[in-house]
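One structure below.
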């Protein structure tokens, strides 16, 4: 197709003016050449338009271009002036008694003769189409002898996201120019279709309607009407446009569709002339599927119903006991259901949850309720074939004759033995009597150890019947009408037609003092209706109605704004499988980066980081205790930095001398060994007053009697040695402390779950992976933190303080409560106290300890040459009242901002596959270590094949799902070797090192309170559907009925959404 120039509204009007003038001239010329009187013709009563200008003998009947509500034919040009004058009546009209009201004059329209003239032949507009013609938009040009389109005005729609769910209705008339042309860039010009015959829309709507757009979002079909939907932007606002498209053009060819950007639509197909996308049926289909899921998953009371409580689940058949416990079988407790944790255990006078008292692996196997007496003291548990027995140690002798078993009326216990345990002995051949519950000699763990064990005497337990459980039986595929008693507790009093019910009894209805139980849907419905006034049933009814209300809201929202229909249809068409969890495991993970565990997929802690809002608290310079000194093998005459310049470094001495609160001390060692006792002794009077008279000094002078002068070696013993020490608090030029406040601190734990990285916090402790959902029990966030960044000659060290400081309390003098300067030049805190100097001998035991706060110890050191000695200085903590020193920071802070109190708890839920898994190769290098039928899990390890998760089975027992690679698990084994292992397909033999169950019948392990992982029973969708087929059938019927009602409502809203709130 050749490209053409886009046609504007001005070009369209000029073309219409030109064609109108040509048609007028042609009709006028034909009328003047052949003007003859026409024979009268009887008026057809069915026609209401003007019959002038029609040949009565013509084979065709003219049909006008009538729109909605039109009374005249506007499809052709008006008659010429000459013909108008002849057709008018020559009889003058009677004058009215009063002046008629002035009629509104039509606007002056442009003609083709360079001027403007009124259109008196039209008169005032009486309908929207006449109003469009009065505004200058000419009617379509048709041959009077050809049929015109029957539908003149159609309705299109516009709506904008910026204005909410407000629809603009645009009534327009198709300009009869045949096939709409295309622009040069291949886009369709919608301005050619804009010829309004209704109320004038707002200006911004007109601009949006005339905005060219080449992308088509969808095509809608309704009978012979076709709409194309487009979305585009006008001035930053996103608009949606629904355009009515002509079915066939005047040239006889189908009108071409606008170019589609996402798919190709074939218009010449015999079966599907139009492709409908994102229509209402898709939205209704989505609602239908959601309704089916909501009804199917709701337990609508179609199981065996009792008006008192929900029926319990089917119990596991009891396991067989060993032959050596056959005579105690009547005293053993009844077995319960796998994974059932609702039992209670009576210990003394208190009832406790069985999962808190019994060993951890009891939660994985069958168990019953035990009733212990008050005086029992033992906590041992004996195991045999997954059966556990509480055994006691007691010195109480048994009675001479055992008390017979009695049955109490209306009690939950069947038999209570009133016996006491026998005394325990050390011999293996001793026994405790026939009334014991299977307890025997306690063996050692190692099978090769032949040492004697000790006898653990058990107490016969109280047998308790399992709770009553029902099931429904079908007859020849009909609905379940009969009730089957699976387990019966005599105390419940269930009867069938007056006969007590026993396991295996089939009955339409059971009666007991607690109520009635039946499987009939009618009876179940009656029970539900009778109990509808209760809170539980009202809440259940509300929960069942919520999905329908949501579906209605979604459908209504979809019909009002089509943006949701596309998303909802995409979800339905692409498919969505809600996550269904098959297994649940719980384990712990340490908090050190790099820790890893198996739960059951590998989980590793990659790192821990903190996120917080940081506020700068400024910087300060801490006080620094600095000391210097010298060891001199004589008594100097000037004890100062200038007089001791040969022995003391000048720069540190001057910095310390000019510091704050300095301490300066001069010691003379062995002053009396140099002759002139009285003279030299007078030098060292208290306070050193005599020495200062002869020797200028600013330090305290003290004698050091008893100190060794061996530092100045190689001279007679009368050598005099002196020690000088100087210390003070100074501002160190290379020490600074910067303070930062951390608020809204949040700990982010970076985990790697089977190679998938995710971050968990206290706000979002979940991690969704392709293998399942991981829930992490993270410790609470540390809260507000204060960070001290200590810089010492370029080396930075951060210390963390927990919580905000109490500046009005004990932390008033802390660094965070002081005003700091950005350049770290301000000293913080009050002036410290004077340091204390002390002369310590080299062999003094005091040197084995550390100097006290504010103390400086000086020790003479023997030099490498004669008359050369050194000085060793040790400074203690700062030790003053102010707390802004680094010692305070170290004492009140920590290097790690947060130490979790314990490991992270990981709860992993594996995803249950909807489809059956593929057949995998058998696992390799599988080893089984441990024992079987002994109550202790055995270790199973090996390599799972690739291609998906391996559902490991050992001799037909499912041990769980494992990803490809190495796996290690523990399982209770019921069968002896050899062991056949598989992943659901081919099997292979595993190597086993197991202990004989006879040698490990009694492990003698002392248990406390344990928590362990609980594995739920896995069930496929097919199994679930087979077990609930009747519920699914009723749910589907209800869903179809309700979906039909919703479809009717949504359909009405969809087709009338613009008419409800037009603009």
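The backbone N, Cα and C atoms fix where each Cβ goes, glycine too.
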Annotated range (Swiss-Prot: transmembrane segment) out of 1008-1028, 1029-1049: 1029-1049
Spatial neighbour of residue 590 (disulfide bond) that is closest, considering only the disulfide-bonded residues 641, 653, 712, 817, 950 and their CA atoms: 950
Other CB atoms, at most 10 A from the CB of residue 699 (disulfide bond): 19
Position of peak Cβ density within 10 Å, selected from the disulfide-bonded residues 619, 817, 931, 950: 950
Disulfide-bonded residues: 590, 641, 653, 712 - member with fewest neighbouring CB atoms within 10 Å: 590
Secondary structure at residue 641 (disulfide bond), reduced by DSSP to three states: coil
Residue among the disulfide-bonded residues 595, 758, 767, 824, 983 whose Cβ has the most other Cβ atoms within 10 Å: 983
Between residue 824 (disulfide bond) and residue 817 (disulfide bond): CA-CA distance (Å): 15
Rounded Cα separation (Å) that holds between residue 931 (disulfide bond) and residue 983 (disulfide bond): 23
